[in-house]
Every structure is written in structure tokens, then in C-alpha cells.
């Protein structure tokens, strides 16, 4: 059978595209890619032989040349993958489609072609049996007519009719022998093909069982991976929550750091203000000393007033002015000391709050 069908004898009846695989002949388990990419896969009908073939060509290489027989079965192993065993090619072909719809169409066409091949085989068997029965009936009828002519006819009639009848009988017998020989050869051929198909079915059954076991194994692995994936997702969600909490803590720490810087700036301002108050406080002893000197001078003046009655009015005026000035100075000093005490208390409270804030942080 030619791998590439002539256009005059075979015509494509269905065409699709798929990735082609063949079973590994050594292991009978793994699939070996027969094409690097999706190729054209077609059903062909041979009107001369009344047969159907699946043919696929990748460039100049024929990767599928499978004659469909009624004993073949196309099996869907997944949503986009199907396979069938070819006993004549001693292999198992697999096709991977791009969609489930293409796989369904291919499987339906395979079933149609299989039924057509079965119908063609049945018709050929009927023709052989009809031909065999017709030959046997002709063989039986010819001797009876010969006997009748020999009984009822004369010797001349025997001579005239006996020769052609014998020749016809011999010809029919030869045809019958040829038909019987062809039938026995066909029987042997069919027995051989049946045995081959049984072996192929056994291998296919084993391969299907191994495929089912492999599918169960992959299902278990898929479930395990799914559980692991769920666990990882939960862990990622927990880590994201922790990251959110860390970001919130960082934001709070940043706010506290800014607040601490502001408090440090305020503390420096307060320290500068306190330093100024301290400098002002250093002037107070001088004022006190001046007050004491003024008092001494007042006492001396009083002593002189006793001697200098004429200057009593002037000295009293100076004394009153000096007392008034001293009173004002004392009042100002008291107010200043009160303000200083308040500032010192505020600064002390501020330091205690700052120290407490640093400990909390």
C-alpha cells in the first residue's frame, strides 16, 4: 500500500490538525512525539479496495499510515487526547488536539469509518460465500444432466453432448478449487490477523491499565500539590498581614521619631531660655550689693543729717526716693523669682514627660 495516496484512487473524506505521538516500542508506556508541531491528519477512502486509511505526512516523512479495520477502537484518554492501536503497524498512535470539539469530531468520524469498514468486510464475505455456493450447485447440476443425456440419448448423442459438458464441469471444478483455496488462504490470513489483533488488544489493555494507574498517580500528586498550594496561599496571606502590621509599626515609629525630634527642639529652646534666665539671675547679687551700699550710704547720711540739719529735707527726700526705688526693685525681684520658679517647674515637668516618653518608646 502506497503511503501517499494517489488522487485518482483515494480521496480525503475528513481532515484535521493534531500533534502526533507513538507509543515507545521498548517500554510500551511512554509517548514519543512523531511531529514537532501540529500536522494535518486525514481520513482517505480507497474506492478500488473499498478500504479506509488514516494518513499524516510531516514534510516528506509519513508518520501515520494506518488502515482502519472493524476491530480497531479509538479511545479518549483525556479531554484533548485520543489513541488507537494498529496491529499491522505494531504500534499505538496518539493524537493531541487543540480543543475537545476537534477530538469529538475525529472520534465520531473514526466510528463512522469503522462501521463502513465492517460493512465492506461483511459484503465481501457474502460475495465469497455466494460464489462458493454457486460453484458447488453448478458442480452438482452438471453430472446429473450428463447422466440424463447418457441414459436417454443414443451413443451419437453421448458423443455429441458429453464432450462440452465435461469441459464445463472441469472448468467449474477448477473455479471451485480456486475459490476454496482462496477461502482457506483468507481464513488463515484472518486467523493470523485475529491473533495479531488479540495480542494488540492485550497490549492495549495493559497500556490502558498502566495509563489508568498513571492517571491515578498524577491525580494524587495533583491533589497533594493543590493542598500544598493552599497552604502556601494561607502562609502568604499570614505573611502579608504580618507585613501590614510591620508597616503600621514602622509608621508609628516614624511618627514617634518626628515627635521626639520636635520635643528635643523644644527642649533646646527651653534650655536657651533657662540660660538667659540664669544670666539674668546672676545680676541679682549685684543689685543686692548695690542695695546694701545704698543702705550704708543712707545710714551715713542719717548720721550726717544729725550734724547737718539744713540738709535734712534733702536727705529725707533722697531717702524716700531710695526706699521707693528699693521697694520697686524688691517687687520686681520677687516677680522675677516667681516667674523663674514657674519656668523651672515647667521645665522639670517637661523633662519628666520626655523621660517617660523615651522609656515607653
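Including glycine, each Cβ sits where the backbone N, Cα and C put it.
Region 'Disordered' is the annotation TrEMBL gives to one range among 64-116, 117-169, 170-222, and that range is 117-169.
In the predicted model, the coiled coil (173-325) has a mean pLDDT of 82.
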